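Novice: Take a look at this one; I'll ask things after.
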């Protein structure tokens with residue numbers, strides 16, 4: 001799968017990539033977790049998922065409702081009974097270089113309010129490449145074994161797990177309830193012996209030890225599992241009736257005392273330097289190990305700190321998997337293409353002589369932006385020793401977690417004599433409009449707006465995407481077809497299709513892939529989407545910098561479309577209350593706010609939106625409600641120094657109780673929680689009559705929740 005460069009990725013291209021990534025990762029998840037027959041390598045899966053996350057971080061408003069970053073594993077197979085995990089079996093965030101590890105440590109320190117000199121210990125352990133398994137013991141007896149599944153619901157493989165020698169049936173001196181979690185794997189020697197037996201029997205060979213282990217554990221006949229040489233490493237736990245220890249290391253040692261195999265390469269480390277040193281030691285031993293590993297896992301050692309750090313939607317904040325590096329390859333740069341995205345960004349893509357990198361044939365790679373091609377970074381500093389990139393060059397291609405292959409270097413010794421410097425286009429290759437680069441922006445953008453066919457089509461594709469209007473039967477291919485034929489040029493046209501072509505349905509049903517039934521189904525599907533929540537409408541508009549999360553926040557803030565539209569028009573005056581009110585929304589900064597009022601302030605854009613809304617029944621946004629919470633649906637601002645929790649912890653706690661945390665005080669603020677040094681926010685709250693609490697008052701308000 002080929003992708004455009006990330007740094008120069010347009011919103012149009014980003015949305016298209018996210019759609020492709022969602023489909024690919026969904027198929028890969030099912031193949032890997034449910035069918036035990038991977039269709040891509042683990043490294044490629046990590047790379048695709050990281051690429052997906054990178055696009056979402058750059059274009060948060062493009063995040064899909066079914067985003068792969070919010071998913072763990074795959075749905076359990078119908079062949080096994082289901083097990084609901086009392087504590088979810090989550091995945092791990094990934095680190096791919098030393099900078100990622102340092103960032104991980106700094107994020108933890110910031111969240112906990114720890115200075116750089118305060119002690120912070122971690123454990124490091126090899127990341128076993130196998131199948132995750134949860135074992136439940138009650139009164140020392142194994143009563144249930146379940147795969148991870150989708151993280152919330154797994155498969156009951158109890159009888160199969162009983163056949164694995166490393167999994168004890170009975171344990172002593174353990175908590176009354178104990179869930180042991182770890183990895184089922186197969187050693188290299190056992191894998192080779194198993195495949196030899198398979199070959200002798202004329203049976204299908206396994207591709208690798210991980211596939212063999214997963215396929216063996218998930219047999220419907222436990223006798224087959226028993227015939228396979230499976231092993232188990234314990235490294236974590238789920239539900240406990242009593243703690244195993246105060247630290248990760250103590251708990252692992254306790255699991256070992258119960259008779260479980262734990263990895264002898266697990267070490268305690270202090271700080272990123274020791275973590276990286278241990279990473280290098282494990283990497284050096286990787287080739288000599290008799291089992292597969294694909295990285296090193298770092299975890300905060302102190303379990304109280306783990307609890308304070310908590311979890312994101314699919315990963316713990318207190319752990320990360322440091323993956324082993326990707327591969328490099330050299331090949332010829334045969335051309336440079338320019339792709340135009342939904343927001344007009346011009347993205348250069350290297351067309352390469354196909355080369356295998358990390359087990360995947362690569363023919364396209366990112367060139368980021370015009371500065372990168374010229375040998376500079378976004379700040380104008382020299383990179384690659386100032387070497388520019390030219391068509392005909394022999395270039396180094398790098399694949400890592402960013403999924404999109406990158407052109408990393410140039411071999412000047414092999415540069416053709418007739419190679420000329422690349423001149424980045426000053427006009428859009430799709431519509432011919434000027435392509436301008438604003439100060440501080442790394443990307444050159446087409447100024448054509450909706451007259452640019454590339455932008456118009458990508459905006460329409462975004463409009464019908466799953467996280468937006470999600471109209472059955474109207475996907476990217478149909479949008480391209482209808483736009484080309486002049487049937488749809490703006491979103492409102494979608495909702496007048498029946499009026500314009502319903503009586504002449506023959507025009508649609510005679511097309512390839514269409515019949516009378518499918519045509520009528522499309523019209524019905526469009527009508528079904530006339531009623532739409534405000535948040536989805538805002539997201540569907542495809543406003544630059546406004547993703548799903550921001551759309552939800554904005555919708556909750558203004559409640560109705562009329563209020564939103566009027567406020568955005570009023571916010572054109574940046575000295576007025578409407579502008580300040582927009583900025584008071586947590587997560588809405590100056591750049592995003594400017595983008596919103598620009599989109600709503602242009603006469604042509606607003607007219608197009610009004611034509612759309614005239615076809616719809618836009619549902620008001622409802623405030624978040626949390627039963628029993630005195631702050632549900634309230635707006636809270638934190639200021640000053642908090643002594644009993646960090647700002648990040650306070651924000652996370654408030655949001656978990658249904659509150660909306662804003663960054664500034666306004667007339668819509670319900671509570672100001674002020675510590676020492678509150679300053680201007682406390683003064684403004686007093687002027688507006690906003691209820692002000694100190695930290696103890698806030699904790700008393702939410703006590704017991």
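Glycine too: its Cβ is placed from the backbone N, Cα and C atoms.
Note that the structure is a prediction, hence the values are computed from the model and not measured.
Below are the features I grabbed from Swiss-Prot:
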ACT_SITE  127  active site, N6-AMP-lysine intermediate
BINDING   42, 43, 44, 45, 46, 91, 92, 125, 148, 183, 299, 323  NAD(+) binding site
BINDING   428, 431, 446, 452  Zn(2+) binding site
DOMAIN    626-705  domain 'BRCT'
Novice: Which number gives the other C-beta atoms within 10 angstroms of the C-beta of residue 46 (NAD(+) binding site), all protein chains shown included?
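Specialist: Summing over all protein chains shown, residue 46 (NAD(+) binding site) has 21 other Cβ atoms within 10 Å.
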Novice: To test your reading of the Zn(2+) site: which residues beyond 428, 431, 446, 452, same chain only, put their Cβ within 8 Å of the Cβ centroid of those residues?
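Specialist: Here the nearby residues are 340, 344, 427, 429, 430, 432, 433, 435, 447, 448, 451, 453, 454, 455.
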Novice: Taking only the residues in the domain 'BRCT' (626-705), give me the average pLDDT of this model.
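Specialist: Overall, the domain 'BRCT' (626-705) comes to a mean pLDDT of 82.
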Novice: Measure from the CA atom of residue 452 (Zn(2+) binding site) to the CA atom of residue 148 (NAD(+) binding site) and give the result in Å, rounded to a whole number.
Specialist: 47
Novice: In which DSSP state, out of helix, strand and coil, do we find residue 46 (NAD(+) binding site)?
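Specialist: The three-state answer is helix.
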Novice: Could you check which of the recorded positions 46, 92, 127, 299 is the closest Cα neighbour of residue 428 (Zn(2+) binding site)?
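Specialist: For residue 428 (Zn(2+) binding site), the spatially nearest of the recorded positions is 46.
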Novice: Where the distance is taken from Cα to Cα, which of the recorded positions 127, 431, 446, 452 turns out closest to residue 299 (NAD(+) binding site)?
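Specialist: Nearest listed residue in space: 127.
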Novice: Whole-number answer please: how many Å between the C-alpha atoms of residue 46 (NAD(+) binding site) and residue 127 (active site, N6-AMP-lysine intermediate)?
Specialist: 14
Novice: Please list residues from the chain of residue 92 (NAD(+) binding site) whose Cβ is under 8 angstroms from its Cβ, counting only those at least six apart in sequence.
Specialist: 297, 315, 316, 319, 320, 321
Novice: By DSSP assignment, list the helix, strand and coil residue numbers for the domain 'BRCT' (626-705), in that order.
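Specialist: Helix (H, G, I), strand (E, B), coil: 26 helix, 15 strand, 39 coil.
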Novice: 10 Å Cβ neighbour count around residue 148 (NAD(+) binding site)?
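Specialist: Cβ-Cβ neighbours of residue 148 (NAD(+) binding site) within 10 Å number 24.
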Novice: Tell me the Cβ neighbour count for residue 452 (Zn(2+) binding site), meaning other Cβ atoms within 10 Å of its Cβ, over all protein chains shown.
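Specialist: Excluding its own Cβ, the number within 10 Å is 22.
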Novice: Counting other CB atoms within 10 A of each CB, which of the binding-site residues 428, 431 comes out lowest?
Specialist: 431
Novice: Please work out which residue of 127, 299, 446 has the most C-beta neighbours within 10 angstroms of its C-beta, and give that one of the recorded positions.
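Specialist: Of the recorded positions 127, 299, 446, the most buried by Cβ count within 10 Å is 446.
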Novice: Between residue 446 (Zn(2+) binding site) and the residue listed as 'active site, N6-AMP-lysine intermediate', find the distance joining the two CA atoms and give it rounded to the nearest Å.
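Specialist: Counting only the Cα atoms, the answer is 45 Å.
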